Amino acid sequence: MLDINGDTVTEESVKLGNANDKSIMLKRWAQNEPRETWTRKADFLLSVVGFAVDLANVWRFPYLCFKNGGGAFLIPYILMVLIAGIPLFYMELSLGQYYRKGAVTTWGWICPLFKGIGYCVIIIAFYTDFFYNVIIAWALHFFLKSFTTHLPWASCKHDYNSIMCYEPSWNDGKDNECAQPLNNSGAGQISAAEEYF
């Protein structure tokens, strides 16, 4: 039996669903279980940074910035991060810390209709896992290939290379504009690295 603000709630009433007020159930649940804490603030900070900064920030952001106007793209981007991104991120951290449950349960406790938000969070995380696995596989592939004695993207001796493939080493390290053919015979050439990637 538990007394919360003058209301007596028994364990049986909670199990049977007689306690209609979810705040009573949450208070009862919160009082019985000790709250876990981080050993150091640095542990929490590093885990949050690891959660927030991912391949999209490091790999995709420069591409989006270049594609959408360079510095002009930063103004609406920073504005949206300040107006929407940081508050939503802080809300997600706060809800996770307060309820100590998964996305579906947390949103279901706030409002039963909001369980759909929790399911959407799970689906987005599931989709993102597939997306990032491919990118990590690329990075691992290029990392391992870079340890070979001859880089595969440095030559035109592979089956996948076209007739228009050329190696930059053919210029003998000289980049002389006067040495270019006058009839534009090399205009459609593609470097070995471009064909590889």
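For all residues, glycine too, the Cβ spot is worked out from N, Cα and C.
Annotated Na(+) binding site per TrEMBL: Gly50, Ala52, Val53, Asn57, in sequence order. In sequence order, no residues are near Val53 (Na(+) binding site), counting only same-chain partners six or more apart with C-beta under 8 A.
According to TrEMBL, the disulfide bond annotation covers Cys156-Cys165. Residue density at Cys165 (disulfide bond): 19 other Cβ atoms are found within 10 A of its Cβ, drawing on all protein chains shown.
Marked as transmembrane segment by TrEMBL: 44-61 (among others).
Using a Cβ-Cβ cut-off under 8 Å and counting only residues 6 or more beyond its ends in the same chain, the transmembrane segment (73-91) has close neighbours at 52, 64-65. Among the features that TrEMBL reports, transmembrane segment is placed at 73-91 (among others).
Cys165 (disulfide bond) sits 41 Å from Ala52 (Na(+) binding site), counting Cα to Cα. Note: the CA-CA distance between Asn57 (Na(+) binding site) and Cys156 (disulfide bond) rounds to 33 Å.
In this view, the densest Cβ surroundings among the recorded positions Ala52, Cys156 belong to Cys156, judged by other Cβ atoms lying within 10 Å.
Separating the Cα atoms of Cys156 (disulfide bond) and Gly50 (Na(+) binding site) is a whole-number distance of 40 Å. A Cβ within 8 Å of the Cβ centre of Gly50, Ala52, Val53, Asn57, the residues given for Na(+), is found for these other residues of the same chain: Val49, Phe51, Asp54.
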